[in-house]
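Colleague: According to TrEMBL, the active site, proton acceptor annotation covers Asp265. The substrate binding site annotation in TrEMBL covers Gln71, His72. Taken from TrEMBL, the feature compositional bias 'Low complexity' applies to 222-242. Positions annotated as domain 'Carbohydrate kinase FGGY N-terminal' by TrEMBL: 4-216. The domain 'Carbohydrate kinase FGGY C-terminal' feature in TrEMBL is assigned to 281-462. The region 'Disordered' annotation in TrEMBL covers 222-244. Here TrEMBL flags Asp8 as site 'Important for activity'.
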Amino acid sequence: MTLVAGIDSSTQSCKVVIRDLDSGAVVRSGRASHPSGTEVDPEFWWEALRTAIADAGGLDDVAAVSVGGQQHGMVALDASGRVIRPALLWNDTRSAQAALDLIDEVGAADFAERTGTVPVASFTITKLRWLADAEPDNAARVAAVALPHDWLTWRLRGFGPHNPVLAELITDRSDASGTTYFDSSRNDYDRALLALALRRPTADDVVLPAVLQPDEFRLAATETPGNAAATPTTTPATGGSTVVDPAGTSIPLPARIRFAPGAGDNAAAALGLGAVPGDVVVSIGTSGTVFAVTESPARDATGVVAGFADAAGNYLPLVATLNAARILDAISTLLDADHTELGRLALSAEPGSAGAVLQPYFEGERTPNLPQATGTLFGMTLASTTRPNLARAAIEGMLCGLADGLDALRSQGVVASRLLLIGGAAQNPAVSTIAAQVFSVPVVVPEPGEYVAAGAAAQAAWVVTGSRPTWPIALLAEPAVDFRPVIRDQYRAVAVV
Ligand SMILES: Nc1ncnc2c1ncn2[C@@H]1O[C@H](COP(=O)(O)OP(=O)(O)O)[C@@H](O)[C@H]1O
Ligand SMILES: O=C(CO)[C@@H](O)[C@H](O)COP(=O)(O)O
């Protein structure tokens, strides 16, 4: 049996799945938590990755591995391969003004034309401009910029401060397209935009990860000519090699293990689900995302739809919200209920929550672009202010933001024949039931699973066989369309945009 490993280094945790290459069956898995906060030292991700790999029984019998991860986070490295400051994550809104400044300087239409996307605070380019303005000494030291999955792949291969070969950073089109200094039509970086962000005359000397094709791979540092700083040793049990890290953080890896390019988490999920044109994926994790695989790029000059690339050579127009599963976490805590009880309460209320409407901008919002916003509960009356209505209003408000996202995708020509609901909160039956009331498209809930890690595992399989695997997807539920216009009508009536 040939095994491949897929990793999802997401906002809240790191998940590892080991799959059988032929059938796609999950053979074993592991996970570990990430610290909370919108600014995180990448060493915590590395530590969580090591823990999750150990929890999954190690990688010493896998043929290939690939890392998917949260998009956009700024991992700035100096010339000695050290992380200059904690990474700013996709949900850190401090670069909102930097986004406005860059749009002023470049123009929204030009940004959309050159990169597919108009920047908001989430995107890497705005974080680099924030660094240049707020921490110029740190900005002056930037020798390379990586994304979370690029940096983890580099570390896993045996590079790092102990072996700082910046030129060995690798990535893929999907994650590169989330920087807003990459043009996924030309498959090349826009270094003029990068220089503008860093306030430098040129950024030609800044190392950016090499963008690999889906069937391209790299080997470990010990097996990469000219990069032998990490001394090879032999692992007796497997006859393989160990990537030695003087900091004592080695992960045993088999000889000749292949490292696939990795991907942004949403593109990896699309791959893991086998999404095809006509499928729209709604992911409800820390972020809420709505996206689709398309054959041509989106270029939305209004900035609502991000014109990303996918991980298989197509495109991935996407709308993201900052407020998704954690709204349900917060309301569960408020109601002193666990997720199961929250769902039970929500389903005991009527569609429309008796007029209660939760606009869930608890962490500011990205879509609509309101980084300073806060959440608001509208429609409080003696009749509506009950635990069931509040539980339902939380789910309805969260889903209405995503339904607006689907409308925006459609305005870019995306066809929605069915909607695949994934992510931590999709496991709640109340979420899928209410989704069938909010979206006027058939909803399909795949079996609970780590679809980002599944997509990364598919990338790993791809670099072993040379072609994309077709692994089956089991469905958990297909709730009948039960569209209740009252939910979106009420939400629209209170909309702050
Ligand atoms: N049954 C459930 N109902 C509602 N929320 C849930 C449920 N199970 C998990 N979650 C929430 O889903 C989130 C984790 O989802 P995940 O997709 O792994 O997030 P991320 O990829 O952003 O790290 C957490 O906020 C968790 O509390
Ligand atoms: O910013 C985006 C997409 O543009 C987010 O989707 C991040 O990629 C984080 O994803 P999760 O950790 O919430 O799954």
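For all residues, glycine too, the Cβ spot is worked out from N, Cα and C.
Neighbours and distances for these, please.
Modeller: Close to Asp265 (active site, proton acceptor) in the fold, though at least 6 residues off in sequence, lie Asp8, Ser10, Gly68, Gly69, Gln70, Gln71, Val452, each with a CB less than 8 Å from its CB.
In this structure, His72 (substrate binding site) belongs to neither helix nor strand by DSSP; it is coil. Cβ neighbours of His72 (substrate binding site) (same chain, under 8 Å, six or more residues apart in sequence): Leu89, Trp90, Ser122, Phe123, Thr124, Lys127, Leu147, Gly178, Thr179.
In the three-state DSSP classification, Asp8 (site 'Important for activity') falls within a strand.
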Colleague: Is it possible to get the count of other C-beta atoms within 10 angstroms of the C-beta of Gln71 (substrate binding site)?
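Modeller: Other Cβ atoms found within 10 Å: 30.
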